[in-house]
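All remarks here apply to the structure that follows.
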């Protein structure tokens with residue numbers, strides 16, 4: 001447990017927008033991104049290749065593609081601004097790149113929420129990468 005706490009504290013200082021992404025997932029999908037989506041299917045987690053395995057994995061595929069289209073900042077590191085208005089997440093700020101990252105994260109969180117019924121932990125958690133070989137373009 002202590003190791004997990006230390007890792008979480010280290011991540012807070014290192015991965016700005018990834019922590020925000022976790023927060024958005026918690027707010028919108030009511031699940032922990034770290035414990036639910038960090039090693040799921042072919043695309044949820046670090047990297048990604050192959051065919052998305054279900055609608056949840058496709059959320060991660062689309063999120064990866066969205067990050068790939070962002071230019072001018074680092075989607076995983078740079079902090080963005082957002083607010084909540086009438087239960088909706090509203091991305092803000094003057095930096096178009098950071099706003100785009102926020103929109104990517106918001107869309108993924110909504111996708112996770114809308115596809116909770118496809119989430120199959122037993123089948124796709126720590127899915128073997130050998131089953132993720134076919135390349136799929138964004």
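The backbone N, Cα and C atoms fix where each Cβ goes, glycine too.
Residues 43, 45, 47 are given by Swiss-Prot as Ca(2+) binders; from 64, 74, that same site also lists 64.
Spatially, by CA atoms, the disulfide-bonded residues 42, 73, 97 include one closest to residue 64 (Ca(2+) binding site), and that is 42.
When Cα-Cα distances from residue 91 (disulfide bond) are compared across the recorded positions 43, 45, 47, 63, the shortest belongs to 63. Each residue in 42, 44, 46, 48, 49, 60, 61 lies on the same chain as 43, 45, 47, 64 and has a C-beta within 8 Å of the C-beta centroid of that Ca(2+) site, without being one of the site residues. Figure note: comparing Cβ neighbours within 10 Å for the recorded positions 64, 105, the maximum is reached by 105.
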